[in-house]
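All remarks here apply to the structure that follows.
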Amino acid sequence: MTDETVKSLAEEIQTPVERLVQQFADAGIEKTVSDSVSQKEKETLLAWLNRDKDISTGQPSKLTLQRKVRSTLSVPGTGGKSKSVAIEVRKKRTYVNRDVIEKSQAEEQALREAEEKAHREVEEKAQREAQEKAQRAAEEKAKREAQEAKKQAEEKAKREAEEAKREAAELAKREAAEKNKVKQNDKPKADVADQDKARRNAELAELKRKTEEAQRLKVEEETRAAAEKARRLAEENAEKWTAEPKAPETESADYHVTTSRYARDAEDESDAEVEGDRRRGRTAKAPRAKKNNRHSEKADREEARAAGRSNKKGKRKSSTLQQGFHKPAVAVNRDVIIGETISVAELANKMAVKGSEVIKTMMKMGAMATINQVLDQETAQLVAEEMGHKVILRRENELEEQVMNDRDTGEESEVSRAPVVTIMGHVDHGKTSLLDYIRSTKVASGEAGGITQHIGAYHVKTDKGEITFLDTPGHAAFTSMRARGAQVTDIVVLVVAADDGVMPQTIEAIQHAKAANVPVVVAVNKIDKHEADPDRVKTELSQYGILSEDWGGETQFMHVSAKQGLGIDELLDAILLQAEVLELKAVKEGMASGVVIESYLDKGRGPVATILVREGTLNKGDIVLCGFEYGRIRAMRNELGQEVQSAGPSMPVEILGLSNVPSAGDEATVVRDEKKAREVALYRQGKFREVKLARQQKSKLENMFANMEEGKVSELNIVLKTDVQGTCEAITDALVKLSTDEVKLRIIGSGVGGITETDATLAAASEAIILGFNVRADASARRIIEQESVDLRYYSVIYSLIDEIKLAMSGMLAPEYKQEIMGLAEVRDVFKSPKFGAVAGCMVVEGNIKRNNPIRVLRDNVVIYEGELESLRRFKDDVNEVRNGMECGIGVKNYNDVRVGDMIEVFQVIEIKRSIA
């Protein structure tokens with residue numbers, strides 16, 4: 001029989017080929033679609049597939065059921081109506097064949113008991129061997145010590161016997177000598193001597209016996225002591241060797257009562273009853289469900305106790321849940337990463353301590369802080385090191401530096417580039433007209449009021465070379481624009497009208513040029529007028545350090561006329577000569593970088609930014625990072641509105657595709673990765689917000705009274721929308737400078753583009769007026785403005801805007817009140833009147849006395865009363881006015897202490913309106 005392939009087997013059993021290949025792989029058999037399958041491999045696959053089934057019945061050991069219960073719920077809606085909501089409860093439950101489980105558990109139990117039995121036998125055998133080994137070692141040691149003790153005792157006894165023998169020999173020798181002497185001297189006493197000799201021999205024998213007995217007792221005692229010592233040693237070693245080795249501590253399995261059999265049955269019954277309650281109204285069976293719940297809880301507790309008892313009997317660790325946290329015995333030193341700024345709460349979190357501990361440490365170091373206060377890097381480092389942690393300082397702009405370093409700036413040498421020339425000067429001195437003549441177009445006519453209100457960047461090709469011109473506004477409100485123009489320029493052309501001389505913005509332009517260290521070329525314009533006086537211009541400029549070459553200075557003075565075109569060629573020659581002296585060069589290849597000259601929001605094209613390229617080549621499709629914004633260039637246009645594909649150094653272009661309107665003056669850089677550009681832009685936005693919050697000072701003691709007075713200050717809220725970003729900055733700066741101590745001007749919203757519905761809603765909510773500069777409101781915004789009666793004003797010239805805001809703020813100023821003395825009367829006599837009390841008979845000595853005017857009563861030129869003139873009579877007639885030199889009767893309201901000689905002064909309060917200068 002030929003083996004069939006995997007594909008034919010899949011067709012035979014009607015299963016997908018990929019699934020069969022995967023099942024073979026799961027079973028440990030690597031097969032492809034075209035491989036053959038043997039009978040043995042089929043049996044292996046079948047055995048693997050039946051691993052979860054009962055072999056005897058072929059039924060699965062596990063069964064998973066999914067249950068769905070659908071019901072509806074009435075939910076009250078608007079207008080008192082209720083609506084039905086369909087609810088579907090899905091449950092998934094797994095049932096296990098208990099016979100298979102119990103069988104496997106029994107097998108596991110038997111296997112576990114066999115393992116325990118084998119383990120016990122091995123332990124008992126090892127214990128017996130250890131005991132026998134210890135006993136043998138003790139016996140050998142005791143035997144060895146006994147032999148040594150016996151040997152020592154024998155040697156000692158031998159030595160003592162030899163000494164006793166030697167003493168006996170000496171004694172016998174002495175006795176023999178004495179015996180010879182006795183025989184010679186006294187023969188008859190021989191019997192007595194024999195008796196003494198016998199007695200001494202008996203004493204020697206007794207002494208020898210006692211010595212041997214003492215030696216034997218001593219040896220036996222030493223032997224017993226050695227045996228006892230060996231026995232104790234054997235017992236100690238046996239305890240050590242037979243001690244059961246400590247089992248490694250293992251994590252106790254979490255015991256959950258719902259995993260038991262009875263708990264599962266109780267849970268199933270409870271679920272069934274709850275579902276029945278939902279079908280029948282949920283009222284009748286609720287107590288039973290509660291009872292069943294109590295029953296299941298009781299069963300669970302009993303089962304848990306039984307499990308605990310069985311664990312105790314089996315000497316196994318209890319499986320109940322226990323808390324696993326242990327308080328560290330020693331302080332933990334951490335590596336704390338600190339950026340440029342960090343709050344107290346964040347610092348405490350990184351050190352894993354409470355915020356109060358950090359505040360306490362700072363107080364000990366002499367610094368007061370709150371939980372949300374932002375700390376600088378040095379302070380945070382000192383605090384962390386004081387608390388025993390290691391500090392790792394991290395630069396916040398690490399990602400930004402990485403992105404900027406990963407740029408292809410070009411390897412080629414630098415080439416000459418066109419000079420960037422900024423035309424500066426006082427308003428109406430002819431800057432735009434001069435540039436207009438050079439470009440041979442009429443730009444000035446397009447500006448409202450004939451004055452420039454945003455920077456214009458133009459690239460001009462002349463016969464003598466290329467020049468990039470920047471035209472800046474001359475009005476006082478555009479200081480930031482002129483400063484920005486001076487920063488990106490190479491040469492400043494200072495335009496001064498020959499008939500007007502040096503003006504405030506001319507001086508400011510000189511200061512900007514000196515601050516930027518930029519050479520200046522002076523163009524004395526309007527030279528064709530009869531009132532022109534070029535020498536006066538030279539004299540006035542010399543006072544500010546601008547000396548003509550004729551007078552020994554370094555500045556070129558060119559006499560031009562923008563109307564008639566006089567001296568224009570000479571001016572261009574002077575500019576190109578100055579550029580040649582500066583040797584202006586830039587890298588042409590590589591990723592571009594430049595400066596945002598101007599930006600605005602176009603309704604059809606979105607955010608538009610005018611960029612002056614400084615180095616490299618800016619191509620369509622490049623990813624640009626501009627300050628807080630980023631994006632891919634979708635289109636590029638030159639100053640003539642023509643589409644271009646690339647722009648080199650010193651070329652101004654308009655780009656489309658940024659995420660939002662960038663701020664004028666931001667640096668534009670081409671980067672590789674759009675994702676990293678977005679991260680850098682978001683980081684810059686967050687950093688700007690942090691710096692802004694850090695600058696906001698809390699209310700302190702020194703400015704407490706100023707804060708108390710703020711409630712009395714009138715506020716004028718303004719929503720400002722302009723056509724370009726630079727104009728918005730200029731108007732904002734000019735308006736903020738109008739604020740005084742009594743009237744505060746707040747710009748609650750500003751932006752570039754048309755007036756939208758959001759702007760109108762903001763103005764209505766904050767009671768603000770909307771100022772539109774060269775922009776208009778759309779239909780939805782106009783509807784809200786009409787409904788809420790919001791004050792909306794359009795402007796195209798900045799003079800008119802500032803003047804009207806001054807008038808509005810003047811109307812909010814509190815008026816001044818001045819007292820003017822109208823007349824003075826001398827009291828000549830005092831009369832009593834039942835109606836008015838004391839009436840003063842007076843002579844008018846100065847001015848006129850009018851009725852119902854406030855008066856003062858003077859006595860010895862000291863004011864003693866201030867009140868109101870109640871009654872004025874001449875003779876018996878009531879009059880409204882009494883002139884100088886006439887007599888009258890005056891009744892003072894609520895005052896009766898009028899005396900002769902007093903002076904009555906009549907005055908009036910005049911209201912004087914104030915205005916903002």
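Counting starts with 1 at the first residue shown.
Just so you know, glycine gets a Cβ as well, placed from its N, Cα and C.
Feature region 'G4', per Swiss-Prot, maps to range 525-528 of the set 505-508, 525-528, 617-620. Looking at 59-62, 395-398, 471-474, the range tied to region 'G3' in Swiss-Prot is 471-474.
Most Cβ neighbours within 10 Å among the binding-site residues ASP428, LYS431: this distinction goes to LYS431. Taken residue by residue with DSSP, GLY425 (GTP binding site) is part of a strand. Here the region 'G4' (525-528) is broken down by DSSP into helix, strand and coil counts: 0 helix, 1 strand, 3 coil. Around ILE527 (GTP binding site), the same-chain residues six or more apart in sequence whose CB sits under 8 Å from its CB are ALA498, PRO534, HIS559, VAL560, SER561, LEU566, GLY567, listed in sequence order.
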